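Reviewing the structure listed below.
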Amino acid sequence: MEKQRALVAAKDGDVATLERLLEAGALGPGITDALGAGLVHHATRAGHLDCVKFLVQRAQLPGNQRAHNGATPAHDAAATGSLAELCWLVREGGCGLQDQDASGVSPLHLAARFGHPVLVEWLLHEGHSATLETREGARPLHHAAVSGDLTCLKLLTAAHGSSVNRRTRSGASPLYLACQEGHLHLAQFLVKDCGADVHLRALDGMSALHAAAARGHYSLVVWLVTFTDIGLTARDNEGATALHFAARGGHTPILDRLLLMGTPILRDSWGGTPLHDAAENGQMECCQTLVSHHVDPSLRDEDGYTAADLAEYHGHRDCAQYLREVAQPVPLLMTPPPPPFPPPPLLATRRSLEDGRRGGPGPGNPSPMSLSPAWPGHPDQPLPREQMTSPAPPRIITSATADPEGTETALAGDTSDGLAALQLDGLPSGDIDGLVPTRDERGQPIPEWKRQVMVRKLQARLGAESSAEAQDNGGSSGPTEQAAWRYSQTHQAILGPFGELLTEDDLVYLEKQIADLQLRRRCQEYESELGRLAAELQALLPEPLVSITVNSHFLPRAPGLEVEEASIPAAEPAGSAEASEVAPGVQPLPFWCSHISRLVRSLSLLLKGVHGLVQGDEKPSTRPLQDTCREASASPPRSEAQRQIQEWGVSVRTLRGNFESASGPLCGFNPGPCEPGAQHRQCLSGCWPALPKPRSGLASGEPRPGDTEEASDSGISCEEVPSEAGAAAGPDLASLRKERIIMLFLSHWRRSAYTPALKTVACRTLGARHAGLRGQEAARSPGPPSPPSEGPRLGHLWQQRSTITHLLGNWKAIMAHVPARQLRRLSRQPRGALSPEQFLPHVDGAPVPYSSLSLDLFMLGYFQLLECDLPAEERKLRHLLCFEVFEHLGTHGWEAVRAFHKAVTDEVAAGRRAWTDGFEDIKARFFGSSQRPAWDTEPGRKSGLTLLGPLPHAAVPCSGPEPTAQRLGSRSQQGSFNGEDICGYINRSFAFWKEKEAEMFNFGE
């Protein structure tokens, strides 16, 4: 109460009340408002000089007290034009003449900004510098140009005339700012009297004419075009002219005047005309003006959109209807009608193939017309392309998919399919280097050569999927080949990178199926050999004496898998000694994990056989299991170093020589292995210490079960990543690991989502065609397209693969409906806090509500969001925020983590916190203070079924409202995967990459 009374008394200049409060001992420097402004600030703003003197001299309050933004009472006096208070504060109150606040603003900046020429003159007379700059590079002259006060501008140009062409950090000159604010008299003074350069541009390429046209300052535009030599066709960095800016802002008089002055209609860098900009923003009058000046409404930009398309997409249906009506008399109507908007060939090909198998689109797969204007047309008709001369933007590229024979290309800047895609290259090397700490969890420095090994690991993994795709020869058909499956101690099962799950019963069942296939293959070979011998005997002996045939009816068949034509290599039984060999003091893995090596090698062939993709002549390279087990059972330092070199392209010897100066002679890089009995620290260079022996017979190049636990000595175990720094690991190590995990996780899904998938469809089509040509062999087996029907195990494995494939295809179909200009503008000029739904297709002319986002749509939007030019701190905190979202997904459900993400971004958007403040308090409010996530067990493990059932009642279902989900194509061709299924896959995939990161990064010796 006393605090509030003091603030009110200071504002009102009530010295008597302040005296009573002083006698009561209630006045002090701690009395401030919510912004940190004290009593002297409030008295100065109100212009009560006597109150200011009382507070400083009698109450002994500091006259130079600073608010939260660093402003002193002198700043308040300069902003309000209180000359007497400013003079007293500077001369007797302890304030500095050139004191700057947190943003670098001085009293002279504020006096010029608010148009107080008397204060400007006094400050300059007292010796205030006219060239003092803020953190943004603005001088007082720039502030005067914004204020519009000609006297202040003249005083400042007289004090320092060379500042007239000085630009800020964003490239704005005083003339640019005056034109942007519409101050014609200032622009005339700067150009005619001060010689300001009208051709100076901001960093985004905008000139003074562009700024005036964008803000709708008609008189300034006319004066600049008439009395200066500025060009009518001047473009900004994106190729936009003054016509584009005027049409975008709905400034019809400027648009009409520029057209009457002969300004040509030009396209921007992405093929958009001023009519596209006017229609996109719903400016009906501008559209009518442009059409009256003979601008063709049927022109398309590089994404294939007409102006009517953009108007319809953004919900301006009256504008879209008008543009379609005026386009009807155009002779272009003699050509076939346009295709549905937009018409990517990839989507059309996939839709035609799927409709052929299903007999037409079903209710779970709505046509793209639910997201876009409905046109009668042909879905597979290509779009006419206009010739563009401007290059594509550097931040956004588009993908083009080639012929259906399996080849594919990705041409930067080619947007013929309308598919807006992301840059698939990783972060700059400097950003990746910062994710690897310089000290381990014990505070010991990590050798720089070893740090560089880890940096190369992360770089190689972030680009692994692209290199695998480039090396693929056309036989790759699914996402399972992009990363090796691995045994998870957390889930007590085998996880795939997309969250696929294999349990003990699944492996036993697969082993039985593989054995049946091998037996069947041998029987077929014997059948062929017996038939050949019978033919020879019949040729040598008289026909009545010998009649030998082979009845194949009694040959064993693999039930449900007769379509498999590929030869499966025989798997030798694993040696019991090797399978049971365990490092001392280490808990052994389950016995059934000894079968993993041959099952993992055969899994891809088996699943491809289900899809009918394996050709009869395919001969997978075989490798004796005995050798594999022998290699995996002993992992000497030499093998580890060579594995690093082969997998990550890292030369340990070179790195160590580059980053570590030798005080003595270094031991050579011994090509032979270190002795198994050697101590850990005997080999000082050239190789790494020997790791504990693996617990199962896996190939040395594949992840070994149990490596995760042993490799994770970075202070964070594989089962959990603590939300806060523990005693062993500092906060930097914990946050760096979280960043690495989320980058690996999102990079894997992002690359898979934006890799052209037409090859998969083509391979399946060719496989089915070849199967049909086999004649009698194909007649003996059922058709390949149908999923396996015997038992739930093989069917659920097929369903896992199919679900992931259709999820990725669904993402491609959704992104085909996002105009590239929407992504460009969000990336170029973010307004407020960005959110994933802003990067998704509009529904009914508006972005999808955040509250209806499903998990897959959230991820799809986040892929695009992280491609924007974000500040370093915001990017880091968004990575950490994403980590917490996926970390708590399995325990709290999708809607809880979605609300948590929304709460954090809302706090930042409202200005109540900065990204640097973190979000630990909000996380504790949503998820509690427990640092160890209670991972759900797998109730389907014993039955061999993937956990695809509903979440516990405490968790809310993952999917949003059904209409929105259907409009965004969240149903697959298989017809049954839902939000809960996707949550399960994403949750397990996140666990997979957490353990993968722990295996890759080991900061111990």
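Using N, Cα and C of the backbone, Cβ positions are placed for all residues, glycine too.
Since we're looking at a predicted model, the values are computed, not measured.
The average per-residue pLDDT of the prediction over the repeat 'ANK 1' (1-31) is 89, rounded to a whole number. Feature annotation from Swiss-Prot assigns repeat 'ANK 1' to 1-31.
The repeat 'ANK 2' annotation in Swiss-Prot covers 35-64. With a cut-off of 8 Å between Cβ atoms, the residues of this chain six or more beyond the repeat 'ANK 2' (35-64) that come close are 6-7, 10-15, 18-19, 22, 27-29, 71-74, 76-77, 80, 82, 84-85, 88-89, 92-96, 99.
Taking Cβ pairs closer than 8 Å, the repeat 'ANK 3' (69-99) reaches residues 35-37, 40-41, 43-45, 47, 49, 52-53, 56, 62-63, 105-108, 110-111, 113-114, 116, 118-119, 122-123, 126-129, 132 in its own chain, all 6 or more past its ends. What Swiss-Prot lists as repeat 'ANK 3' is 69-99.
Annotated repeat 'ANK 4' per Swiss-Prot: 103-132, in sequence order. Residues of the same chain lying 6 or more positions beyond the ends of the repeat 'ANK 4' (103-132) and with a Cβ under 8 Å from any Cβ of it are 69-71, 74-75, 77-81, 83, 86-87, 90, 97, 138-141, 143-144, 146-149, 151-152, 155-156, 159-160, 163.
According to Swiss-Prot, the repeat 'ANK 5' annotation covers 136-166.
For the repeat 'ANK 6' (170-200), the list of distant contacts is 136-137, 141-142, 144-146, 148, 150, 153-154, 157, 161, 163-164, 206-209, 211-212, 214-215, 217, 219-220, 223-224, 228-230: same-chain residues at least six beyond its ends, Cβ to Cβ under 8 Å. Residues or ranges marked as repeat 'ANK 6' in Swiss-Prot: 170-200.
Per Swiss-Prot, the feature repeat 'ANK 7' maps to 204-234.
Here Swiss-Prot flags 238-267 as repeat 'ANK 8'. In terms of DSSP helix, strand and coil, the repeat 'ANK 8' (238-267) has 17 helix, 0 strand, 13 coil.
The repeat 'ANK 9' annotation in Swiss-Prot covers 270-299.
Look at Swiss-Prot and you will find 333-444 (among others) tagged as region 'Disordered'.
Positions annotated as compositional bias 'Pro residues' by Swiss-Prot: 334-346.
The region 'Disordered' annotation in Swiss-Prot covers 462-483 (among others).
The compositional bias 'Polar residues' annotation in Swiss-Prot covers 468-480.
The coiled coil annotation in Swiss-Prot covers 517-541, and the record cites sequence analysis as its basis.
The region 'Disordered' feature in Swiss-Prot is assigned to 616-644 (among others).
Look at Swiss-Prot and you will find 695-730 (among others) tagged as region 'Disordered'.
Taken residue by residue, the repeat 'ANK 9' (270-299) breaks down under DSSP into 16 helix, 0 strand, 14 coil. In the repeat 'ANK 7' (204-234), the DSSP tally of helix, strand and coil residues is 18 helix, 0 strand, 13 coil. When the repeat 'ANK 4' (103-132) is classified with DSSP, helix, strand and coil residues number 16 helix, 0 strand, 14 coil. The residues of the repeat 'ANK 5' (136-166), classed with DSSP into helix (H, G, I), strand (E, B) and coil, number 23 helix, 0 strand, 8 coil.
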